[in-house]
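Feature list (source: TrEMBL):
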type	residues	note
DOMAIN	30-139	domain 'HIT'
MOTIF	122-126	motif 'Histidine triad motif'
ACT_SITE	HIS124	active site, tele-AMP-histidine intermediate
Amino acid sequence: MAGVEATQPAQADISKTSNVPAEGYDKKCIFCKIVNNEMGTELLHCDEEISCFRDIKPGAPHHYLVVPTRHVGNCKSLSKEHVPLVKRMVETGKEILQKNNVTDLSDVRFGFHWPPFCSVTHLHLHVLAPASQMGFMSRLFYRLNSYWFITADQLIELLSSKEETN
């Protein structure tokens, strides 16, 4: 159903003109490789700031990962200045859901795994819909108010309360 499939990167807005890695590229990071079209994964959205693709192990009928196109570390590495990025990630997730005919945004889960519970250190937003159709293990992995998963709204609130960095 979903996963890293050998498909053409349809709908991608980014164009690679050379084999030189872009600024913000981590050659060891699987998500950096995906957004740079090195893995054959279908990109559902890709621009200079945000990329989106299907989760390889879907926890719901619609399970997408929204990532910064340039490498950004996990939630703990973020500061107040990253709030617009996180908000744009959520907006991109909503757009992808709408393109896939998911209109009930009240039955959607948007969130991040909290370190050290991240399998990939590249910041990634999980977009799961419908949340009501998540299986037992998915409900555990993406559980609200747990110490391993934080909603996008909780992260935005946490980052907004941080002091400005100089």
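Using the three backbone atoms N, Cα and C, a Cβ is placed for every residue, glycine included.
Tertiary neighbourhood of the motif 'Histidine triad motif' (122-126): same-chain residues 26, 29-32, 55, 59, 63-68, 71-75, 77-78, 86, 89-90, 93, 109-113, 142, 152, selected by CB-CB distance under 8 Å and a gap of 6+ residues from either end. HIS124 (active site, tele-AMP-histidine intermediate): 25 other CB atoms within 10 A of its CB, across all protein chains. According to DSSP, the secondary structure content of the motif 'Histidine triad motif' (122-126) in residues is 0 helix, 2 strand, 3 coil. Confidence annotation: the motif 'Histidine triad motif' (122-126) carries a mean pLDDT of 97 in the model.
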